[in-house]
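The transmembrane segment annotation in Swiss-Prot covers 29-49, 54-74, 86-106, 114-134, 153-173, 177-197, 200-220, 221-241, and the record cites sequence analysis as its basis.
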Amino acid sequence: MALNPLEQFKVYTIIELPRLFGYDVSFTNSSFFTMISVILMILFLLFGIKKGSVIPGYLQAAVEYVYDFVISIIENNTGSKGLQHIPLIFTVFIFILSCNLVGVLPYSFTVTSHVIVTFALSMVVFIYITIVGFKEREVEFLRILLPKGTPSWLAPIIIIIKLFAYLVRPVSLSIRLAANMIAGHTIIKVIAGFIVNMNIFFTPAPFLFIIALIGFEVFVAILQAYIFTILTCVYLSDAVK
C-alpha cells in the first residue's frame, strides 16, 4: 500500500451476496466501515445522554458541545426558522464526522472518499431542502432564481444561470468532501511510505512529523464535516427565509 497510495480507497468484497434486481449488493469493506461509523456514532450519543446529569461527565459534555455547535451553525445561517430541521442537520454532521474520523485510523477505509457515498448524502440534503422550500414558501421559493431588481431583458439568462447553480449544488457538495478526504489521506500515505522505505520511521523527527500529519488529518476530517454542514445550512436558508 505504501507503493500505491490510492490502494487504500479500493472497494473489495468481504461477503459475496446474490445479485438483487441485477445489482451487486455484496458486503464490502465500504459497507463494513460505514456500519462501524454508524455504530460508533450511535454509541457516542447513547452513552453521552444516558445519565443526563446536571453536572455532565466528559462524554456527556462532548455530546452537548457537538449539539450546541450544530445549533449555533443553524442559528447563524438560517435564524430561528431553521431550528426545526435540527434532526437532519445534526445527523448529517455527526455521520460525516464519524466516517471521516474512522477513516483516519490505520488500515481502515474512508467511506467519504468515494463520490457515490458523498453524492448520495448530498442528494438527500438537496431533495429535503427543495421539498422544504416549496412547503414553506410555495411558488415564492422560485424567487431564488431571479434576484430583485433584475432587468427584464436579463431575466432569462439569470434564471438559467441560477437554475444551473442550484442543480449543481449536490455535485459540488459531494466532490468537495470526497476530494479533500482523498487528498489528505493520499499525502499522508505517500509521506509515510517514503519514510518507511527509507528505514527512518523510528527516528524522532520523521516519527513526530507523521504524528503531526495525522493530527492535521484529524483537523481536516472535522473541518470537512463542518463545511458540509454549514453549506447545508446556507442552502436551507434559501428555503426558510
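One is the number of the first residue shown, and numbering goes on along the chain from there.
Cβ atoms here come from the backbone N, Cα and C positions, even for glycine.
With a cut-off of 8 Å between Cβ atoms, the residues of this chain six or more beyond the transmembrane segment (153-173) that come close are 118-119, 122-123, 125-126, 144-147, 228, 231-232, 235. In this chain, the transmembrane segment (54-74) lies close to the transmembrane segment (221-241): three or more C-beta pairs between them fall below 8 angstroms, excluding pairs fewer than 6 positions apart. Within the same chain, residues 70, 73-74, 76-79, 81-82, 85, 89, 92-93, 96-97, 100-101, 103-104, 112, 125-126, 129-130, 132-133, 136-137, 141, 144, 169, 173, 176-177, 180-181, 184 sit at least 6 positions outside the transmembrane segment (221-241) and bring their C-beta atoms closer than 8 Å to a C-beta of that stretch.
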